[in-house]
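**Q** Here you go, one structure.
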Amino acid sequence: MADDAAPNTGLQHDIVREVYRRFGEGEFRFQATIDGMPTLWVEAGRILDVLKFLKSEVQRPYRMLFDLTAIDERVRKHRDGQPASDFTVVYHLLSIDRCNAKELAGGDIRLKVGLVGEKPECPSCISIFKNANWYEREAWDLFGVVFTGHPNLRRILLPPRWEGHPGRKDYPARATEFDPFLLDQMRQDLDQEALLFKPEEWGMQRSSGDVDFMFLNLGPNHPSAHGAFRIVLQLDGEEIVDCVPDIGYHHRGAEKMAERQSWHTFIPYTDRIDYLGGVMNNLPYVMNVEKLAGITVPDRVKTIRVMMSEFFRITSHLLFYGTYCQDVGAMSPVFFMFVDRQKAYDVIEAVTGFRMHPAWFRIGGLAHDLPNGWERKVKEFIDWLRPRMDEYEKAALKNAVLVTRSKGVAAYDAAEAQEWGVTGPGLRAAGVNFDYRKARPYSGYENFDFEVPLADVSDVYTRGCLRAEEIRQSLRIIEQCMNNMPAGPFKADHPLTCPPPKERALHDIETLITHFLGVSWGPIMPPGESTTIIEATKGLNSYYSVADGSTTSYRTRIRTPSFAHLQQIPAAINGHMIPDLIAYIASIDFVMADVDR
Amino acid sequence: MSLQDIAFYFFGFIAVLSTILVIVNPNPVHGLMYLVVSLLAVASVFFSLGAPFAAMLEVIVYAGAIMVLFVFVVMMLNLGESVIRQEQAWLRPSTWIGPGILCAALLFPILRLMLDGHHTPAGLREIGPKEVGIALFGPYLLAVELASMMLTAGLVAAYHLGKHD
Amino acid sequence: MTLPSWITQETIDTAIKSVQAVVILVGMVVVSAWMIWLERRLLALWQDRYGPNRVGPFGLGQVIADMLKIFFKEDWTPPFADKAMFWIAPAIAMAMMILGFMIIPLGDTLWIADLNIGLLFFLAIAGLAVYAVILGGWASNSKYSLLGGVRSTAQTISYEVFMGISLMGVVMQAGSFNLREIVHAQQEQVWFVVTQLLGFIVWVPAALAVTHRTPFDLPEAEQELVQGYHTEYSSMKFGMFMVSEYVGIVMVSALTTTLFFGGWDVPFVDNEGWFLSFLSFSAKTFIFMCSYILVRAALPRPRYDQIMAAGWKVCLPISLINMLGTAAVILWQTPGASS
């Protein structure tokens, strides 16, 4: 935690000292953040040099561009000591080596570039990080930050004919603040026309030599696109020459919603980010807000959170398992796995009162305590699923047809995976031992005994096997939770806990009013910035919240794993055939809500 | 006129008609379908003449395999309106009248021979596959071997052409 | 009362045969339609579900309900389709599969057409059936349909080759293309699945491929091509494609029974009556129909190029070896042939 009393220059971090030595301290401004992540402000002109230095020159380099986003700073009140800026571009780099070495700084570094004006310009860093492409398009789409040198700076989440940049503070958040929406024939035709794929815009040719390519529009409604996902394939016969993934059909503007919901009432929205993740989505958000508020939660809360999150890891992985088999053409497994998921949801329902989207975690605790007899239900489920997993392995993963369909398909190695920002099982399948639960344990994961399954090369087959093994490990974790559930309260005793503790209210009129405001307007978080990363069902999920001393967040950035994974598709699949693409898409295990937010 | 005769003339008429339609139809796929019909009609003619083995081979080899490949290729070429216009242009008398006269010249001697009466009527009895086999591997063995050599040569050539560098 | 002169014994026989043919074919189509119900129930059984169980006893009325629904749905032809070809494709599918059943003897006296080139007729029909898929795929004027049509063509051409060759062993042993004589030969010798095991092993994938069933359903692979060649079809035209698939299954199951499992033969019974023959034939066919469904429930789908490679590099050599081996054995056993 940054110490507010002493002037904080960031010199306690090795990496900050190293950067200062290389570029000179005058180039930077250090910003203390609540999460303790080293945060440096850089001039737009120097950012590429600094990124290059961090990626390839430092010891134990920051190989992964974990996140890139923008903040509209124009109406922010508390910017103590930060350089003047209308729009800030935030780079979040991640070093897996540093993470695994359990460094103080945590293996992350945050770089900020302050930009001024209505049409802010920032140099594009695609030449350094390939996966910056989509992130920069997103920042342009939502905030209007122009990345000079970007090869294809066009809208990504919003339709091509959208006007304005909705992430900005002067863009209204509610439909009632707009003119009524009308879709007449002309507009419909224009919108349809705008969606038509024009290969030339993507630097593709319609024919080459004596081959005429066929352009196949797969999605946004296609049985195996796993949601409203569109990918345009350039085909030579059935071979994929090139492809362009197109996302945004499931965009709800969750980040914008966070700016008008109170800290507390945003929790249900997080459930629907990765709609298979359930309370797993609540976890990074509430932990992040707890950091901002300075709440430490009791051990019982931590353990229950771990248990319920692992339940959702299992349901999500089971769905993956079934659809994975389905997408290589096996019809039956998905039905078995849905039966198992129902059993899991029975337990989840008994505990939380809801099945898919319980929104059950609270800032500083849980909605309520575990019900009586919960151990029996949990035990029943564990005993049910374990033998079934063995059966599935024999029937599905060892099936010769499935193996020949999936081995060596859409393979990539560790370096490529990091270049594209791949996290989760997709990264571990490439042999990188990086599980955030082990590397930077949160919510008490350091107390659990479980293994991180690994493979040598990440292909469709290993990605499937790894997830099957992770289900078993999750069962182990749940079993340990069940056997070692600590006693204690299910809520932290802290004024910012939501809903506010009733015991604090019933003393006098003052405490009653505080309680009333805490419930009706929601808690007021002290100004500050914080990021929390967790190992979610599909990879690393993080919430970056900027609090400006009000009842709502000033800016909430949701970094989701699926977004990064989809961007990688062309790099991994070109040269394969259509059925390989389907198998590959299945092996990514993405959810469009998680991609588009 | 027996039932066989009726069948013969009926299928013969269909064969002639569909063959004409192959020529005059401007749409390549439709044209090919008429060709398939024509082949099926010829197979039926064989049938009515008491040569079921020949009829079946006609269907399996020509209609079932070769024409499928033709249709396949035409499908892949994705021929549009321009081809239909081109075909229609070829149907102008100035294009077909020359070949038409030559064909008529060929037809004349055939008709002469047919009307001559110096040939044995077909369809007196049914020739089963066994008899065809005995004939092919008995008196006509040399022809069968020559044909198979030609096919082998074709196979080798196809393999060579289809091989990726 | 005297009969008119045109009623001879021959016309009476013809009439009886015609009625018999109509009854058998209609019965077969009905059985095929009900196989949809069977498939859904069996799949459900194997997948821990119930399947259709509401309409009538055991949900048997589901097929009638589905047919009624499909009849009254809008019969829509896409404006971009080639109308004539689009319409004729499902008809071809249905007609070919029904025609193929014509040659199969259900009993020693229960048959429609007793062709001496019976098996060749089946091969011809299998060859022509591909037009339904090609034309459906092409006429729909949709890229997914076209890809389905293309796959189907390549697959059919490849699998027809060794399908024919794999059956030649049976033909050689029986000495005839006629299916009744093939059954008679099996009554005299043994069921050909014993002597023609290799041929049977190759015939199984070919039989699956000819009906476009899993794992050879590449032309309509849902996960890849939406519905392949019949993506654009609806209403009864779709229904005809659908039923023709099941007619195909019944037909191929019946053919498997006839060629390899002794047809109507009941082991150790010398003179089966027509009823016992029919019962034996139906029971065997039913088992094969069920195994079709089991295959669908159990297997993933190989990739298109893997299927082609398996066809040309594995099945074709096996079937050729089988044919040569059978020929050699027959030659060796025939007295006086070796001179």
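Even glycines carry a Cβ here, placed using N, Cα and C.
Annotation source TrEMBL lists transmembrane segment at C:21-38, C:84-105, C:117-138, C:159-177, C:189-210, C:243-262, C:274-295, C:307-332.
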**Q** Mind checking which residues reach the transmembrane segment (C:117-138)? Cβ under 8 Å, same chain, six or more beyond either end.
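**A** Non-local partners: 82, 85-86, 88-90, 92-93, 96-97, 99-100, 102-103, 145-150, 152-153, 156-157, 160, 163-164, 167, 170-171, 177-180, 182, 210, 212, 219, 228-230, 233, 241, 244, 248, 255, 259.
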**Q** Are the transmembrane segment (C:274-295) and the transmembrane segment (C:243-262) close enough to be called in contact, which here means at least 3 C-beta pairs under 8 A that are separated by 6 or more residues?
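**A** Yes, the transmembrane segment (C:274-295) contacts the transmembrane segment (C:243-262).
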**Q** State the non-local partners of the transmembrane segment (C:84-105) in its own chain: residues 6+ outside its ends, Cβ under 8 Å from one of its Cβ atoms.
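**A** For the transmembrane segment (C:84-105), the far contacts come to 21, 24-25, 28-29, 77-78, 111-115, 118-119, 121-122, 125-126, 128-129, 131-133, 135-136, 138-140, 179-180, 183, 230, 232-233, 237-238, 240-241, 243-244, 247-248, 250-251, 254-255, 258, 263-264.
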**Q** Where among C:21-38, C:159-177, C:307-332 do we find the most Cβ pairs under 8 Å to the transmembrane segment (C:243-262)?
**A** C:21-38
